[in-house]
Amino acid sequence: LPLLLEATLLPLATGSHHPFYNGFYYNHVMNDKGNGQEKVVYFNGARLWVETPKDPVYSTNGANVTLPCHYHFEPDVEAKRKIRIKWSKLRDDYTKEKDVLVAIGKTSVAFGDFRGRAQLHQAGRREASLVISDVRLQDDGKYRCEVIDGLEDESDVVDLRLQGIVFPYQPPRGQYRLNFHEAEQVCQEQGAILASFNQLFQAWNEGLDWCNAGWLSDGTVQYPIRLPRKPCGGLHLAPGIRSYGPRHRHLHHFDAFCFSSGLRGEVFYLNHPAGMTLEEAKQSCQDAGAEIARVGHLYSAWKFLGLDRCDAGWLADGSVRYPIAKPRANCGPAEPGVRSFGFPSKGRFGVFCYKER
């Protein structure tokens, strides 16, 4: 076989014409004699390049976003070529891909959750940009733009980040009661998803300090500390993200870190002179053409819309909370935040309602 390969390649390298393979001139031929030396033969040819932005692309829940991707040949190839474009969503560790869209010419097919939401934007020459409409929380992550010309294949990665907020969550039954799958479920019930490590790190960078460990979307358990203290890893450790590493997704129990992004509607407050029970609060929101707000709705309204209300109100999970954007006397601590009264079994309060636009 080595002799056959050499006999095949030698006439190509020494003949009057350069070797041409799949429309591309290759710049070297490897020696197959097994002596560890490389035989290099240079040709003037075209190489495929794929380029995406190095900085992250930011968006919010419900918005439309374009992930830029362009390709070119060096030197340029004028002839039209049957290019195949493939977009995939990557896991953070790059171990698995999820198909998003495949296109050849003007024909494209989107897959899974991206059906009806993903399409190519090819306004310019050699453009392979991806447009995602009605962005969802789960769309946050890394995307690979792959351009294929026959057997030639090049790709680059775009990082889509949703602007949002991470909040810790404990269920009504108390601390450290959730396995991984239950943590996923409670975040979804609150209009959110389990946060990724990158989202938790960003929240820590913005000031989140929380001493209770919670699940993240990759199955690890971590918690963010800004002010080192004895119950939170000890005084000797620097500020940062404390990690328990991967935990058993069924057997181990912790809290959850949830991630929510921009709202598709508005959060507003209703009250009654005598206050309301939880059931009365739910009915009041329905009477107003809305639904009782979830925890994720309240955090997003506080973060993105500056919602500020020094009156406690019911939320869908049975908790009572209130958002403070401008700290003041008789409204809790000196820092902005969403205050919590926990899950009162009885009592009468106002209610926060949510209405989609």
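Just so it is clear, glycine is given a Cβ too, placed from its N, Cα and C backbone atoms.
What TrEMBL annotates here:
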DOMAIN    62-158  domain 'Ig-like'
DOMAIN    165-260  domain 'Link'
DISULFID  C211-C232  disulfide bond
DOMAIN    266-355  domain 'Link'
DISULFID  C310-C331  disulfide bond
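When the disulfide-bonded residues C211, C232, C310, C331 are scored by other C-beta atoms within 10 Å, C232 scores highest. Under DSSP, the residues of the domain 'Ig-like' (62-158) split into helix, strand and coil as follows: 6 helix, 52 strand, 39 coil. Separation of the C-alpha atoms of C331 (disulfide bond) and C211 (disulfide bond): 23 Å, rounded to the nearest whole number. Between the CA atoms of C232 (disulfide bond) and C310 (disulfide bond) there is a gap of 30 Å, rounded to the nearest whole number. Counting only the Cα atoms, the space from C310 (disulfide bond) to C211 (disulfide bond) is about 25 angstrom.
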